[in-house]
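Per TrEMBL, the features are:
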| type | residues | note |
| --- | --- | --- |
| TRANSMEM | 74-92 | transmembrane segment |
| TRANSMEM | 192-209 | transmembrane segment |
| TRANSMEM | 224-243 | transmembrane segment |
| TRANSMEM | 314-331 | transmembrane segment |
| TRANSMEM | 376-401 | transmembrane segment |
| TRANSMEM | 407-429 | transmembrane segment |
Amino acid sequence: MSNSFRPTGLIRSSPRIALFLPLFLLSGPFPFLPLSLYHSIFLSLSGTQLYHSALCVLVQFLMLRLMGRTITTVLASFMFQMAYLLSGYYYTATEEYDIKWTMPQCVLALKLIGLSFDYYDGGQEPLNEEQKRSALAKVPSLLEVIGFSYFYGGFLVGPQFTLRSYQRLVKGELTDCPGQPPNSVIPAMKRFSLGLLCLVIYAIFSPHYPDSYYLTDEYDAQPFWYRCVFILLWAKVILYKYVSCWVIAEGVCILSGLGYNGLGQNGEYQWDACANMKVWTFETTPLFTGTIASFNINTNAWVARHVFKRLKFLGNKLLSQVTALAFLAIWHGTHSGYLLCFSMEFIIVNVERQAQALVRDSPLLTRLANSSLYPLIYLVQQFIHWLFMGYPLVPFCLFTYDKWLRVYSSIYFCGHIFFFTLYLGIPYLRKVLVPRKERSEKKED
């Protein structure tokens, strides 16, 4: 493929043109047909309401220019972008899954808020390594902010990336061949193929596991075990919708060069800078924390960097975690189902950590976990894992109080009972299964 027909070729030939690239793609020139298709999707979602994103981008740029590197800029950016997004949710949301201008807007809101943090960090000392990689030495130009905001690889469903990464892409630094377009076609096609496979799985199985089935008398009439197993299988299928979108979008970022991540420890070039999914981990981990760590990676990293870690001044890690999850819930939308989903995540993650500590500190449980029975234990873990991964997804996908309450009532709130029982019971199990010496050392630590 010649440089004239690759976006990276155009970027290498003229960094100034690269800044105009996202705007140029909107006009739909034939050589950029696949990229124009992305923007056609965006325009079909936004239509005449494209002004929403344009207004937010312009206001963000003016804040950076006029208000400078101040905490006031960060707070104003945070409040304006979130208020605009939540207003959009309020006026456009229905009781169904809404695909409209608010979908790319929620991705853009994080981008622009992160931009204000990165600009603020550029004038602070000292910075950690993560902040040094993203901090901005000077205020970006309007073209840079527009290019960053509408970059075709990330404006629709993510991933999140920093303006510094975009600037490095424009300068031609994100390549395995200095001065040349990256050799990214093969790694990009691998991710595209994997994303396409996930999409096919979703397309085949999703008609058999619709969300609407939860609200039928037929579902209510099924035995308790069937209702639980349906939640397990439904969760596996429904998540492929997100997995496929993110993996395909990652392939786009890799093809452009944005996914380039230097040399790995084995001396091979890495293309995972924009990875939003660790698909193998997602499929094989028996842990809730493992699934969370492998799913929507860049958004979780954004929240960790700009919300959780910035709340260090509170002096309470648990409070910071609660606040970060509350932010995620509100960012997703105004439905009660989002709040319930992320509150359940908080409970599940903390109970799982207590259970892991119990297994680690108990000689009996440690021997059992390392015994020949582990394959059987793994299968049981996976069943529990996916059953209760689906449990908080029910309100996440059904949105409203009357819908998710009906489903939870039909399965007798088994997830709440299971995890609250563990939460209350693990301290007593520690007294029985953990030697007194181990407990004393734990308290001292």
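Heads up, the Cβ atoms here are built off N, Cα and C, so glycines get one too.
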Selected stretch (most C-beta pairs under 8 A with the transmembrane segment (314-331)) from 74-92, 192-209, 224-243, 376-401, 407-429: 74-92
For the transmembrane segment (407-429): best-contacting stretch of 74-92, 192-209, 224-243, 376-401, by Cβ pairs under 8 Å: 376-401
Residues of the parent chain within Cβ reach of the transmembrane segment (192-209), under 8 Å, 6 or more residues beyond its termini: 230, 233-234, 237-238, 240-241, 243-251, 279
Chain residues outside the transmembrane segment (224-243) and at least six past its termini with a C-beta under 8 angstroms from it: 195, 198-199, 201-202, 205-206, 208-209, 211, 213, 277, 279, 282, 295-296, 383, 386-387, 389-391, 393-394, 397, 410-412, 414
Positions whose Cβ lies under 8 angstroms from the transmembrane segment (376-401), at least six residues beyond its ends: 95-97, 211, 214-215, 228-229, 231-232, 234-236, 238-239, 285-288, 291, 332-333, 335-338, 340-342, 344-345, 348, 368-369, 407-408, 414-415, 418-419
